[in-house]
Amino acid sequence: MASLGTSVLKPPLTSSTPASSRPGTSSANSSAPELTTTIAILPSKPDFPPFDPKLPMQNDFNPNLEPPPPYSIFSPRQKLVVTLLVSFAAMFSTLSSFIYYPALVPLSESFGVSLGLIQLTITSYLIIAGIAPAFMGDMADQSGRRPVYMLMFSLMISANVGISVVERWEGLLVLRMVQSAGGSGLYGGGYGVIADVAVAEERGGLVGVLLLMTDVATSLGPVVGGGLTQGLGWRWIFWFLVILTGSWFIVILIFLPETQRGLVGDGSRRVEGWVYQSFWSVFYVKERKGKKGTEAVVVGEKMEREGEEERKFRFPNPLACLPVLADRGSLVVILITAINYAVKAALQTSLDAQATEIYGLSYLQAGLVYLPSGVGGGFGSFFAGRFVDWNYRRTVKRGGDEGFDKNSPGFPLEKTRLEGVYTLHAITVLGIIGYGLALKFRAHLAVTLLMQLLTGTSTAATFVLCGTLLTDLNMNRSATAQAASNLVRCLGAGGAVAVLQPMVEHVGPAACFGIYAGIVFLCFPLAWIVQRFGVAWRVANSDKQE
């Protein structure tokens, strides 16, 4: 048998029939070896089916091969319930800050200090809010979510009780920092839990739920704070927080499962220790014994389980967030988030004082002026989350036609997640400029509230886009990544709030907020940079890891 290698011969018109069977051939030659020629005709184009990312990968040698296990054992409804649990908890971080604003003037009168010293308690709150999550995030990523939630709620409840009875300004300053240390980590903890249970296709919507709850707090907090201050006195603000946080702490203890993937994997593994036990672990997670690799994990002890490393308690390292800041893509996303957050904090801080001074509003009315920003933020978070998920699925579907899939380093993740961010930045800039002009010319209160509505909507949507992308870029350290984001954005917000009142007094509100609008304008080139170079940075990081 003659075989052809890579050469392609044009076949003759005759077939490869044996010589003995041809007419006129002597039978004497039948004993001679037959010579046949087989010619392979290759198709002009390989007849391979096009790549379809929606079809599962097939194994030609084992068609009965089981598909890969799911990312999480939680059903979509259970994921939503878990997200609501941590989102409501994250709301206390924002609520503790915004419920405080209507009480600034009464606090100044009660402690006999200037308004500037009371605003210093806001600055110190924001500074600690930037530092504390660096500890909490690293602790949550290496020891589990539930122990950190217990610690954060304990700090927050204790601080609220202390502020309710404090008599000196110095005590208020210290206790506000303790309150911030407890509450600020709840925001990053929520991102960590979402990253534990949700895949990329559904992560944007769940992040939208998280930010929806925090934006609700920006509108309800000042209303509740103003009503309590006017009706019962400012101390009842913190008794209210004691009741609310204490009640939700009980809910978290009973229902929130441990989700940290290093401990529970996809959620089916049971963790020993009372701090990890919840209603979920008692009634839904079954310990799988007798299989290869026992599913019980005892934190701090060496377990001889295949594929698992020894896990020990260690003191949380606040510098663990620095590698996140060293990553170029993560750093640019964090800077976009920090700029928007800092300017929004300055806008919200100015609203109460300016509304009271210019429009002569009562404490309760001054709290109501925060509603447009909060309502706009709620809508922005919800619809931005839906858009992020839809746009991701659209890009994955398009990838099948263009030859890439969602798991490849070349997937255009940055462009997909930040789709529409330039429009949001433009709305934010115009809203800030309009707000400053409305204050300068003492326009109707409706104009001021409209500008707050625009900026609240656009900044909230920006937080959804950037928060989802930051989680995607740091799947193995999601809580630590959010801690890094908190560090930068809260330090920036503290600086923005600290210089707010002096700027308004020296240059006026129009020029002051014009400067803030110019700072937000820097987000345009930052967004272009991460969209332009983000894929190359991720590919380079992937090559280094390999």
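Glycine too: its Cβ is placed from the backbone N, Cα and C atoms.
Summarising the annotation, TrEMBL assigns compositional bias 'Polar residues' to 13-34.
Annotation source TrEMBL lists domain 'Major facilitator superfamily (MFS) profile' at 82-535.
The region 'Disordered' feature in TrEMBL is assigned to 1-34.
Sequence-remote contacts of a segment are chain residues at least 6 beyond its ends whose Cβ falls under 8 Å from one of its Cβ atoms, and for the transmembrane segment (80-101) they are 74, 122, 125-126, 129, 149, 153, 156, 160, 179-180, 183-187, 189-190, 193-194, 197-198, 206, 209-210, 212-218, 220-222, 224-225, 237, 240-241, 244-245, 248, 251-252, 255-257, 259, 348-349, 351-352, 367, 370. According to TrEMBL, the feature transmembrane segment maps to 80-101 (among others).
With a cut-off of 8 Å between Cβ atoms, the residues of this chain six or more beyond the transmembrane segment (113-136) that come close are 93, 97, 100, 104-105, 107, 148, 151-152, 169, 172-173, 176-177, 179-185, 187-189, 316, 318-321, 345, 349, 353, 479, 482-484, 486-491, 493-494, 497-498, 501. For 113-136 (among others), the entry in TrEMBL reads transmembrane segment.
Tertiary proximity for the transmembrane segment (148-166) is limited to same-chain residues at least six positions away from its ends with a CB under 8 Å from its CB atoms, namely 89, 92, 96, 136, 139-140, 172, 175-176, 178-179, 181-183, 185-186, 189, 235, 238-239, 241-242, 245-246, 248-249, 252-253, 256, 275. The transmembrane segment feature in TrEMBL is assigned to 148-166 (among others).
Residues annotated as transmembrane segment in TrEMBL: 172-194 (among others).
The transmembrane segment annotation in TrEMBL covers 206-224 (among others).
Among the features that TrEMBL reports, transmembrane segment is placed at 236-256 (among others).
The annotation transmembrane segment is assigned in TrEMBL to 319-343 (among others).
Taken from TrEMBL, the feature transmembrane segment applies to 363-388 (among others). When Cβ-Cβ distances below 8 Å are used as the criterion, the transmembrane segment (363-388) is approached by residues 98, 101-103, 105-106, 204-209, 211-212, 214-227, 229-230, 347-348, 351-352, 355-356, 417, 419-420, 445, 448-450, 452-461, 463-465, 468 of the same chain, each at least six residues removed from its ends.
The transmembrane segment annotation in TrEMBL covers 421-439 (among others).
Tertiary neighbourhood of the transmembrane segment (445-471): same-chain residues 191, 194-195, 203-204, 207-208, 211, 215, 218, 330, 333-334, 336-337, 340-341, 343-344, 347, 351, 355, 359, 369-370, 372-381, 383-385, 388, 413-414, 417-421, 424-425, 427-428, 430-432, 434-435, 438-439, 478, 481-482, 485, selected by CB-CB distance under 8 Å and a gap of 6+ residues from either end. The transmembrane segment annotation in TrEMBL covers 445-471 (among others).
Within the same chain, residues 115-116, 119-120, 122-124, 126-127, 129-131, 133-138, 184-185, 187-188, 320-322, 324-325, 330, 334-335, 337-339, 341-343, 345-346, 349-350, 353, 467, 470, 512, 516 sit at least 6 positions outside the transmembrane segment (483-501) and bring their C-beta atoms closer than 8 Å to a C-beta of that stretch. For 483-501 (among others), the entry in TrEMBL reads transmembrane segment.
The transmembrane segment annotation in TrEMBL covers 507-530 (among others).
Note on the domain 'Major facilitator superfamily (MFS) profile' (82-535): mean pLDDT across this stretch is 82.
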